[in-house]
Amino acid sequence: MDDRDLSVLWLQSAGCGGCSISLLCSEARDLHASLDSAGVRVLWHPGLSEESGDEARLILERCASGEIPLGALCVEGALLRGPRGTGRFHRHAGTGVVMTEWVRKLAGMARYTLAVGSCAAWGGVASAGENVTDACGLQFEGDQPGGLLGAGWKSRGGLPVINIAGCPCHPDWVTETLTALALGAFGARDLDPLNRPRFFADHLVHHGCTRNEYYEFKASAHKPSDLGCLMENMGCKGTQAHADCNARLWNGSGSCARGGAPCISCTEPGFEEPGHPFHETPKLAGIPIGLPTDMPKAWFVALAALSKSATPKRVRENAVADHQVVVPPVKKTGLK
Amino acid sequence: MTRIIVGPFNRVEGDLEVTLEVRDGRVAEAWAGSPLYRGFEQILRGKHPMDALMFAPRICGICSVSQSMAAASVLADAMGLTAAPNGRITRNLAHAVENIADHFTHFYLFFMPDFARAEYAGRAWHGPAAERFRAVRGSAAAYVLPVRAAFLTAMGTLVGKWPHSLAIQPGGVARALEASEKIRLFGLLRDFRRHLETVLFGDALEAVAALGSEAALARWAAEKPRGDFGAFLGIADDLNLDKLGRGVGRFMSYGGYPQEAGLLLPRGIWNGGLHALDEQAIAEDVSHAWLDGETRHPAQGVTRPQDEKAEGYTWCKAPRLAGLPMETGALARQVVAGHPLARNLAARGGDVKSRVVARLLEIALILPEMEKWVRQLVPGEPFCAQGEMPGTAAGAGLVEAARGALGHWISVADGRIANYQIISPTTWNFSPRDTDGMPGPLEQALVGAPAGEGDVAVQHVVRSFDPCMVCTVH
Ligand code: SF4
Ligand code: SF4
């Protein structure tokens, strides 16, 4: 291993493994080789590496003692502080030691610490409901700074925990962040106010959505499988969620909205408890309460009324059908 | 006699710790432990019933579609809703993509790398096996990852994204496929078939699916080089993997892939003979879990953590069918479905070799079905039936995940979830002891396995079940 390479240790705390599984969907030619080419060396990953049992435990111990210099600690899954502050809802298998303890120790040694996925970033689904497990993120608890490591915590490399939020996160968000770190091309200015990498968090899911024409005319879906905009009735938060899902796309050419599902803003802290059923848009006097954040409400209402009255028949009728019932007309142009 | 703790287990999904009592170099007793509790059943209480569609896939990132399918069918059951034909087919396709990709991933990335280990350096096959199957750096990993990712692009088309799609609905899917997408899917399936036939099997899928006995399988493998499957069969012979990891000999399948008339893979149990599955005979015992309560059918199940419990050694409950542990998974599914090779293999009661063969056999059986399903799609016809959830209702959703029987049970009161219980396949396979002291299937399968210094046998047994611990402990 080259001194300048970024060595990575990956731990799975209380999550579903989905962020790792998502990573394997990276459409890079060969994930392992492309990480390697970028100077990212994986010391150990619980799902992929060969070492098991004692050998794995030894790697962890040598990283914790500083014997193996640790470039980046990636944590996937929420940190469970329960029951009664003991952390015993999650012991690291085979070590007898609770995961919160391992994470504290290893984060203290790593140059950078990354929260992979919304569980590790904010607590995520693990912290929903009454949160009996006392789940939290590495450096946030919902949208409140703090979490396991504390609000003011900085890694040896001078950065707070890098929150690669998402449930799961897109594979590119992980590979590109690690690559940028390995290149030394990632600093405090590359993080948004919630410490998410700006390269994906400075976008809105709304950007590039194939339903944008329906959105413009407020031609809305009313039931699952309708083609219309999912924002007015179906609970979609794409206009508020920070992510590039409709521009970058998932699994070849997909996204939540392309699959007919609302964006539930899985990159945002607290997405797991929206205070309303996920598939419904909460409204006040018939107007959705969660409007685009950078637009005055009165404008939105006025524009919506105007655009609804101007909706072409094609857009209006297709919005409530599951396939195009009116196709764009073909004009006789007379061009030769 | 020594007691050892094996963990962290690598290349299994989630946390697993196995405690072994070793006598004369062999496992005398085993205890399977899951040192993680997340509490989904508690989280779901009081939520809107449809919210299960958001939470359920997040139980497990590796079989999220299976969890979505169980949630969609438990809701459909409670609503009395039948899916639109196109929706049913699309859901089957998404589910089969996940299950097949899972078998494929398990074989290459989770199971085979153990044969590359230095412990086997003296074996004739070790050189090529190490070059091919070594974790991360083997030639198979470099080949498999892009092939797998390309196959999973079918999920982008079918359900928007994977894992954790919200497109799977009680009435079908949230988005209708277009004619061009139907063609794209067909192309993706054919691409994957080509990889399987040239690299994994070295033969047509139909020829693999037609193998009718273990002897026929051996003849087929001896005929000519049979790809990576052939390599496995050679290693299995040399290491006597047919004698390792003997199971409980009772297999259960909830059945899967609903067709226009009935299930493609039937529901039932097998214990040397085929029997109907009495769903009411399922119960979860919590005597050795860090949980409170008594043995109950999941429709009345409770989940209350109790971490200070002397007899507890895991967060996993012990599901039993009529009081008995059951093995579940691809072998169970194919045995219940009556596949002659699977029935032949399972006569021994289940073992490491049989479980791996059954998974690969299932790939060869299901992909050709998927090609038929794609042809049955009729773009322009509905993909989603619409329904209403009554204020008071109850339901069960029983599906087959890659690892076996997955059940969700719901009761709804005042329009909210009053109770939601989940039994995952690995909860069956890796269950702890019950009130009678009867060990779970893995705990029994480990007994007798060599467990000396540098022995990998225990790892093979554990991985032959393809455990998924995050599912188990949900
Ligand atoms: S963030 Fe979501 S996908 Fe990632 S581990 Fe947590 S639940 Fe799974
Ligand atoms: S579209 Fe929304 S819910 Fe879907 S992955 Fe992106 S941020 Fe998450």
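For all residues, glycine too, the Cβ spot is worked out from N, Cα and C.
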Check your understanding: Which single residue out of B:Ile100, B:Ile417, B:Ile422, B:Ile423 does TrEMBL record at the Mg(2+) site shared with B:Glu41, B:His474?
Key -> B:Ile422
Study note, to complete from the structure: Those binding-site residues in B:Glu41, B:Cys60, B:Cys63, B:Ile422, B:His474 passing the chain A Cβ proximity test, under 8 Å, are B:Cys60
Check your understanding: Listed binding-site residues are B:Glu41, B:Cys63, B:Ile422; which of them have CA atoms within 10 A of the CA of B:Cys471 (Fe cation binding site)?
Key -> B:Cys63, B:Ile422
**Study point:** For the Mg(2+) site built from B:Glu41, B:Ile422, B:His474, further residues of that chain with CB within 8 A of the site's CB center
**Key:** B:Phe40, B:Leu44, B:Ile59, B:Thr303, B:Tyr420, B:Gln421, B:Ser424
Practice item. Provide the three-state secondary structure of B:Cys63 (Ni(2+) binding site) computed with DSSP. Key: coil
Review point. Expressed to the nearest Å, what is the distance separating B:Cys60 (Ni(2+) binding site) and B:His474 (Mg(2+) binding site) at their Cα atoms?
Key: 8
Point to revise | CB contacts for B:Cys63 (Ni(2+) binding site) [other CB atoms within 10 A, all chains] | key: 32
